[in-house]
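Annotated features, as they stand in TrEMBL:
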{"type": "TRANSMEM", "residues": "24-50", "note": "transmembrane segment"}
{"type": "DOMAIN", "residues": "30-225", "note": "domain 'Cytochrome b561'"}
{"type": "TRANSMEM", "residues": "62-80", "note": "transmembrane segment"}
{"type": "TRANSMEM", "residues": "101-120", "note": "transmembrane segment"}
{"type": "TRANSMEM", "residues": "132-154", "note": "transmembrane segment"}
{"type": "TRANSMEM", "residues": "166-188", "note": "transmembrane segment"}
{"type": "TRANSMEM", "residues": "200-223", "note": "transmembrane segment"}
Ligand code: HEM
């Protein structure tokens with residue numbers, strides 16, 4: 001059954017369609033709203049942590065760049081393509097795509113720069129799960145960026161555009177998942193020493209819940225593309 005509500009305000013008439021999918025739409029909107037709050041919470045948490053050291057160092061640059069790149073920009077870039085994401089709901093598909101591109105490129109550049117800053121600062125590398133996963137996330141980010149550019153330029157030519165889109169989505173999801181896991185290990189190893197077990201465990205749980213919130217809809221879309 002479809003119920004239509006006419007909502008008159010001055011001379012504008014806005015029609016709101018409420019159909020059988022309404023509970024699902026409400027559910028997805030709540031998930032997205034919670035995800036936005038959590039993205040802000042974990043980004044603030046990491047930046048607040050690094051600020052207590054009060055020294056300008058590669059460590060500080062690393063945390064700012066990786067957190068802004070991966071957690072703020074790349075997560076929002078994925079959410080911008082979500083049909084239930086509040087701020088992007090009013091945009092046309094073409095505009096959403098452009099915003100997605102801009103945020104992905106900027107986020108990836110900052111995230112890659114943040115990883116390189118720490119890789120070349122003279123401290124021995126690949127000695128922790130955080131460092132190894134962070135480097136793998138950087139490699140996936142570079143691959144995702146390249147697949148995104150291939151996706152963009154093959155729009156008009158390729159018959160296999162669906163495959164390119166799937167590869168791009170899978171690489172992007174892998175890059176973000178491994179980056180979030182790396183952040184979990186940063187909370188586990190580094191943050192725990194300063195803020196203790198309770199705060200570190202809470203930060204890890206919130207990071208995992210945020211990742212699930214960011215990736216849910218993108219995974220549903222990818223599965224829909226793969227299934228006939
Ligand atoms: C999504 C966010 C983050 C990513 C993807 C990331 C990635 C990386 C990468 C690629 C390295 C260099 C690898 C190496 O030297 O072995 C690294 C090192 C490091 N990061 Fe991060 N990082 C992130 C956030 C953080 C945060 C929030 C902290 C602090 C709480 C932190 C603390 C460190 C430290 C102390 C090192 C050097 C020692 C080590 O490898 O553990 N990182 N990170």
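Our numbering is plain: 1 for the first residue shown, then up by one each step along the chain.
Any Cβ shown, glycine's included, is placed from N, Cα and C.
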Of the listed stretches 24-50, 62-80, 132-154, 166-188, 200-223, which one has the most C-beta pairs under 8 A with the transmembrane segment (101-120)?
62-80
How about long-range neighbours of the transmembrane segment (200-223): same chain, 6 or more residues beyond its ends, C-beta under 8 Å?
28, 31-32, 34-35, 38-39, 41-42, 45, 75, 78-79, 81-84, 166, 169-170, 172-173, 176-177, 180, 183-184, 187-188, 191-192
So which residues does the transmembrane segment (24-50) touch in its own chain, when a touch means Cβ under 8 Å and the partner is 6 or more beyond its ends?
59-60, 63-64, 67-68, 71-72, 75-76, 79, 82, 84-86, 183, 186-187, 191, 194-195, 203, 206-207, 209-210, 213-214, 216-217
In terms of Cβ proximity under 8 Å, which residues at least six beyond the ends of the transmembrane segment (132-154) contact it?
66, 70, 74, 101, 104-105, 108, 111-112, 115-116, 118-119, 125-126, 161, 164-165, 167-168, 171-172, 174-176, 178-179, 181-182, 185
